[in-house]
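Listed features, source TrEMBL:
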- 133-314: domain 'Malic enzyme N-terminal' (DOMAIN)
- Tyr156: active site, proton donor (ACT_SITE)
- Arg209, Asn464, Asn508: (S)-malate binding site (BINDING)
- Lys227: active site, proton acceptor (ACT_SITE)
- Glu299, Asp300, Asp323: divalent metal cation binding site (BINDING)
- 324-577: domain 'Malic enzyme NAD-binding' (DOMAIN)
Amino acid sequence: IMESTLKALRDGESVLDLSPRSTVSGGVEDVYGEDHATEDQLVTPWNFSVASGYSLLRDPQYNKGLAFTEKERDAHYLRGLLPPTVTSQQLQEKQWINNIRQYQVPLQKYMAMMELQASLFQLIIYTCGVGTQETNERLFYKLLVDNVEELLPIVYTPTVGEACQKYGSIFKRPQGLYISLKEKGKILEVLKNWPERSIQVIVVTDGERILGLGDLGCQGMGIPVGKLALYTALGGVRPSACLPITIDVGTNNEKLLNDEFYIGLRQKRATGKEYSELLHEFMTAVKQNYGEKVLVQFEDFANHNAFELLAKYGTTHLVFNDDIQGTASVVLAGVVAALKLIGGNLADHTFLFLGAGEAGTGIAELIALEMSKQTKTPIEETRKKIWLVDSKGLIVSSRKASLQHFKKPWAHEHDPVDSLLNAVKVIKPTILIGSSGVGKQFTKEVIEAVTSINDKPLVMALSNPTSQSECTAEEAYHWSEGRAIFASGSPFDPVEYKGKVYYSGQANNAYIFPGFGLGLVISGAIRVHDDMLLAASEALAKQVSEENYKKGLIYPPFSDIRKISANIAAHVAAKAYELGLATRLPRPQNLLKYAESCMYTPVYRNYR
């Protein structure tokens, strides 16, 4: 009975409708939150099986551990499978956060959180009692929502970088889907192996450029898993509507190829036609299986593939590259907010970037686009306010013939400059942005040089993880004598300098992509447009309060992230309707309230 019931669930049959989800063409759901269900609709598979109790405790989506009520224990054959105490989700949350805080090593905290989260493929039961582990999806997200500032660095950057590096050693059971060259010609069948049919957001990586750590091959799965955890916790997208995918085409990392614990294909990376054919089959299968409104987020692809995939599928699929577009949107928001502290309009400032890859050029392009929009000036002109430095020095017109295509728009007329320090001296930027993926590049001389030009220089060291940051908060404040406005990609503690405490902002993509994705989902958008990214940036910048500004912050606190995400979702959805890209009709009258009503909340529900 249990097997047939679960098969019916996987096949989308109505015999066990766990939430009132109606299905439209392509299998994309039209009702978004499980919380829309009325209590008497909350039927579980275990209503239909005498042997249900043990199976219920093994399923992270429905397990509540000691929080099952007396009535639920009788109804679902749980008597004897749990200790007699009935506790609350709040007490469980308190116990778990206390347990996690006892770990001294961030990776241990990460592993504890991942064990609690589990997945549809992680049906493992631990003794359910205070102080012991259990798989419990709602408790995982409740912990993350209520302790986001503390746990965000654990489930995502910087700790997720170390987790990916050691993924083979800490791997216990699969999370998400692994699609390798072995599955070529059968990718649609592989997608159908995933037990959830109604997927709204896919995060996919090929593991070639994981954070600033390089090629981690199949072990990059930690990135899609971490991103989707934030889609749910911060953006309110249902966990069951999220699908992490790693595409394994091999790795050029010799250390991994020689590692007996490596979990991926042991071969050099496929390139050219073999690579593009596999990706095209994947994108075609995704659209065929999940419909046109499923969001595919490309994550941590190498530059040459990232730009090509975004350009190729941006006109045919709902695709988003967080490294290019999400980073650009969150940095633009920080720059716009910072104008209240450093003065002037966007067009009054000169930008200098260290790093001309997908992040650097993506940020530069969005800033130029916003500048063009504000000044009614062609973007070709506003780009001239933005300069980029790569490994060979300042990008100038004399280098154009040898530049990659995405760098060419930034090759301005200027004599060659060989270093960042010399570029600062001749370009005289008011805003310095690092997206190089190489640590310690904002040296004391560089910070002192940019400070000598500006009363309040804006310095953004964006590279992740912390070890790859262009400089630390302490270095920025000390070397600028407390004058810099500083933000970074990874978090830094407050810094005391000459008796004053300085707070640095975190230009974390988690401000943008969860709310951005929610906005696409609730509007039924079929394409991503640059104006949606601008709308997200403007919405985020408006969330910075006067109290934040007084501390020198250019981003709001993460403790307000659910409210921030709802605001971003409403602005993105509004832009989708304005552009004629939304399919959910009629348009809700109040998009903010609608966004809030669609957000998944990880509180326990009562099962009948």
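Cβ coordinates come from backbone N, Cα and C, glycine included.
Its Cβ placed at the centre, Asn508 ((S)-malate binding site) has 26 other Cβ atoms within 10 Å.
Counting every protein chain shown, 26 other Cβ atoms lie within 10 Å of the Cβ of the residue listed as 'active site, proton donor'. Mean pLDDT for the domain 'Malic enzyme N-terminal' (133-314) in this predicted model: 90. Using Cα positions, the member of the binding-site residues Glu299, Asp300, Asp323 nearest to Arg209 ((S)-malate binding site) is identified as Asp300. Rounded to a whole number, the C-alpha distance linking Asn464 ((S)-malate binding site) with Tyr156 (active site, proton donor) is 11 angstrom.
Residues Glu299, Asp300, Asp323 make up the record's divalent metal cation site, and a Cβ search at 8 Å around their centroid adds Thr205, Arg209, Ile210, Ile223, Phe298, Phe301, Ala306, Asn321, Asp322 from the same chain.
Once the Cα atoms of Arg209, Asn464, Asn508, the listed binders of (S)-malate, are compared pairwise, the greatest separation found is 18 Å. Over all protein chains present, the Cβ of Glu299 (divalent metal cation binding site) has 29 other Cβ atoms lying within 10 Å.
Listed binding-site residues: Asp300, Asp323; maximum Cβ neighbour count within 10 Å falls on Asp300. If you compare Cα positions, Tyr156 (active site, proton donor) sits closest to Lys227 out of the recorded positions Lys227, Glu299, Asp300, Asp323, Asn508. Annotation: Lys227 carries the greatest number of neighbouring Cβ atoms among the recorded positions Arg209, Lys227 [cut-off 10 Å, Cβ to Cβ]. In terms of Cα distance, none of the recorded positions chosen from Lys227, Glu299, Asp300, Asp323 sits within 10 Å of Asn508 ((S)-malate binding site). Straight-line distance linking the Cα atoms of Asp323 (divalent metal cation binding site) and the residue listed as 'active site, proton acceptor', rounded to a whole number, equals 12 Å. Taking the Cβ of Asn464 ((S)-malate binding site) as centre and 10 Å as the limit, one finds 23 other Cβ atoms among all the protein chains shown.
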